[in-house]
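Below you'll find the structure, written out as structure tokens, and then a few comments.
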Amino acid sequence: MSRADTIFALSTPMGKSGVAVIRVSGHDALKSMQLLGVKEPVRSRVATCKTLYDKKRQPIDQAVVLYFPGPGSFTGEDVVELQVHGSLAVIRLLFEELQTVFRIAEPGEFSLRAFLNGKIDLTRAEGIADLVNSETEAQLRQAFAQSSGFLERLYEEWRSSLVDILSDLEAYIDFPDDVSPQILRSVHDRVKELHNSLERHLDDGHRGERLRHGMRVAILGKPNVGKSTLFNHLARRDMAIVSEYPGTTRDVLEAHVDIGGYPFIVVDTAGIRESTDFVEREGIMRAKSEAATADIRIMLFPHSEAGNLGVHEAIEGGDDGKTIYVLSKADSAKEGETRIIEGKQFYLVSVHTNLGVDSLLSALKERAIDGFPKSGDVLITSQRHRGHLQSAAKVISDITDEMPAEIVAEYLRLATKEIGKVTGAVYGDDILDNIFKRFCIGK
């Protein structure tokens with residue numbers, strides 16, 4: 001893969017559609033017009049209608065053509081965009097012509113070039129990928145903020161502060177007779193202030209990452225209490241087998257759902273009971289594992305046994321506030337009805353009649369509002385960011401007042417490097433490959 005190549009790709013999903021967009025980027029991007037039989041000059045930043053031809057001068061399609069000369073384009077290179085009809089035949093014929101001169105882009109290569117040409121940093125690039133992959137409104141809001149530079153500005157501010165502190169310290173090291181010794185006190189004070197800012201940022205309860213991936217909700221209970229029925233209802237499709245025979249569900253099933261604009265991963269689990277069946281026991285172990293790691297637990301109990309539930313025994317290790325209690329199969333319940341049993345609030349739910357389901361969904365949304373970022377929050381969104389920021393915080397926390405100035409300077413260089421890895425001010429090819437390979441081909 002050479003940066004000198006001119007590349008092209010379909011930037012819209014493959015398939016029949018009203019419009020398809022083909023993007024060409026590189027030094028020779030404008031040659032795509034000559035290649036496709038367009039003889040008139042194409043004006044920059046003006047949408048023009050052109051007929052595109054194959055090498056035999058047979059018309060392929062009429063296209064809206066846009067030309068963005070570099071560096072004032074997304075990639076920082078000359079870019080041509082062809083908006084054509086979303087016909088598989090049109091796309092295939094245009095690809096056949098373009099491929100005689102240009103190379104098909106690798107996944108994420110347009111965004112990679114934008115990064116390498118200084119148009120975006122790595123946090124913005126990752127925000128763009130998250131924006132493309134967002135499925136709920138809350139995910140979209142977070143991804144848009146990141147792609148707009150919220151994280152970039154914060155992390156660059158920290159990195160710049162470290163560079164300034166390091167500059168003052170190195171001036172003291174190189175010219176001790178000309179620089180006041182008070183500079184050392186100032187260095188340590190500023191380092192501690194920056195460390196406090198880093199720690200506050202890291203102490204976010206992983207809310208940004210949870211929003212990016214979805215809040216995990218485990219549906220738990222004994223066999224035949226309606227777990228799979230509720231799971232299918234929340235998933236809006238029949239994913240789990242529903243049977244009157246206990247032990248039907250023996251594995252973990254997952255469904256990504258949007259509840260009130262927030263992303264959830266709803267998990268169906270095996271009924272928890274004593275069993276001699278090896279496969280069922282494995283399913284029960286997985287159910288207990290989900291119970292231990294889920295962000296939210298929905299614990300189902302049959303409405304018919306409301307007088308003798310054994311709530312406290314049902315949750316191994318005690319209740320940690322993550323559990324929503326449900327009396328299932330409550331066909332005669334009233335909408336929104338709840339009941340206090342053994343000191344716990346229970347939602348009465350009947351999937352069969354749909355009673356109580358809205359109240360349960362509202363309870364899940366309330367948990368999401370508490371567990372996800374608030375509007376305007378600037379939070380860590382990936383483990384890659386968190387790892388480098390934790391490393392920077394650890395290095396800074398190891399600095400002591402008694403350390404020689406030269407050692408402090410080395411620690412500050414390491415911390416600066418770690419924060420630079422988040423934004424891409426410091427990077428290696430392996431980091432870039434790992435980030436951009438997750439992008440779609442046309443982005």
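Glycine residues also receive a Cβ, built from the backbone N, Cα and C atoms like all the rest.
Counting Cβ atoms from all protein chains shown, K119 ((6S)-5-formyl-5,6,7,8-tetrahydrofolate binding site) has 19 others lying within 10 Å of its own Cβ. If you look up Swiss-Prot, you'll see R23, E81, K119, K443 marked as (6S)-5-formyl-5,6,7,8-tetrahydrofolate binding site, on the strength of sequence analysis.
Counting every protein chain shown, the Cβ of S228 (Mg(2+) binding site) has 23 other Cβ atoms within 10 Å. The GTP binding site annotation in Swiss-Prot covers 224-229, 243-249, 268-271.
Feature annotation from Swiss-Prot assigns Mg(2+) binding site to S228, T249.
Annotation comment: Swiss-Prot describes 214-369 as domain 'TrmE-type G'. The average pLDDT computed for the domain 'TrmE-type G' (214-369) is 81.
Here the CA atom of A270 (GTP binding site) lies 9 Å from the CA atom of S228 (Mg(2+) binding site). The (6S)-5-formyl-5,6,7,8-tetrahydrofolate-binding residues named in the record, R23, E81, K119, K443, extend over a maximum Cα to Cα distance of 18 Å. Annotation: K227 carries the greatest number of neighbouring Cβ atoms among the binding-site residues R23, K227, K443 [cut-off 10 Å, Cβ to Cβ]. In the three-state DSSP classification, E81 ((6S)-5-formyl-5,6,7,8-tetrahydrofolate binding site) falls within a strand. The local packing around A270 (GTP binding site), expressed as other Cβ atoms within 10 Å of its Cβ over all shown chains, amounts to 27.
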